[in-house]
Amino acid sequence: MAELTALESLIEMGFPRGRAEKALALTGNQGIEAAMDWLMEHEDDPDVDEPLATPLGHVLGREPTPSEQSSPEGPGSAAGESKPALSEEERQEQTKRMLELLAQKQREREEREEREALERERQRRRQGQELSAARQRLQEDEMRRAAEERRREKAEELAARQRVREKIERDKAERAKKYGGTVGSQPPPPMTEPGPVPSSPSQEPPTKREYDQCRIQVRLPDGTSLTQTFRAREQLAAVRLYVELHRGEELGGGQDPVQLLSGFPRRAFSEADMERPLQELGLVPSAVLIVAKKCPG
């Protein structure tokens with residue numbers, strides 16, 4: 001039974017013609033298995049479909065023969081032409097064998113990639129464990145150094161206290177030797193007179209409250225009254241204007257001017273007082289004013 005050429009077998013298996021020719025050329029036409037291995041290893045290369053940059057004969061390590069240069073398929077094409085044509089059954093059988101070989105190669109590749117992935121995972125875990133152990137050792141070293149530093153500081157503090165106590169005892173002994181008697185016979189220090197006790201906050205004078213409004217009740221000559229709230233900083237003229245706008249018809253219907261008097265102590269407000277604020281006139285927070293007719297002239 002005649003067999004397909006390596007190039008034809010690769011094309012029958014579904015590989016592009018250019019990629020199959022490139023695989024055969026780069027593997028030195030060592031067979032379909034070598035070409036399939038190359039194709040599976042380089043199927044993800046970005047330049048896998050680019051044509052070869054050098055002639056085919058140079059890639060294989062020899063100069064192409066005149067028959068190869070004239071043939072578009074390169075080496076092996078002449079031998080392929082001399083072989084008898086395959087029947088459809090023979091072609092299917094050979095294609096089946098090639099597909100089984102391709103599936104086997106793919107399984108081998110997947111198994112190899114799985115082993116490599118497992119090895120990478122083991123390395124990653126091992127590196128993680130080593131890093132964790134190194135970090136733990138570093139933390140332990142830092143804790144040990146901190147504990148040693150605290151012990152050293154505590155020892156220095158105790159030594160300093162001991163030196164202070166010894167100096168105090170020496171000073172006591174020197175004073176006793178200088179002035180005579182024992183150390184305990186020294187006179188007690190004089191008692192200090194207690195200072196004046198500060199007064200409690202409740203005894204402090206209350207602060208004056210600031211009001212921003214005042215309630216004014218205005219008694220009219222007819223016995224009625226008007227009550228309104230004004231701002232503390234408003235002028236007394238605002239109160240007079242309010243009275244003139246709201247007094248009844250019996251008081252002149254708003255035609256005659258009015259004069260404002262304070263109830264107690266009795267005081268008549270002048271025109272100059274009309275420009276002064278209610279707060280300054282002592283009418284805050286509330287006051288009672290009396291309206292009297294202002295004599296003309």
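For all residues, glycine too, the Cβ spot is worked out from N, Cα and C.
Some features that TrEMBL has for this protein:
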type	residues	note
COMPBIAS	63-76	compositional bias 'Low complexity'
COMPBIAS	86-122	compositional bias 'Basic and acidic residues'
COMPBIAS	137-177	compositional bias 'Basic and acidic residues'
DOMAIN	1-42	domain 'UBA'
DOMAIN	209-291	domain 'UBX'
REGION	37-211	region 'Disordered'
Three-state composition of the compositional bias 'Basic and acidic residues' (137-177), taking helix and strand from DSSP: 41 helix, 0 strand, 0 coil
Model confidence over the domain 'UBA' (1-42) (mean pLDDT, whole number): 81
Helix, strand and coil residues within the domain 'UBX' (209-291) as assigned by DSSP: 17 helix, 29 strand, 37 coil
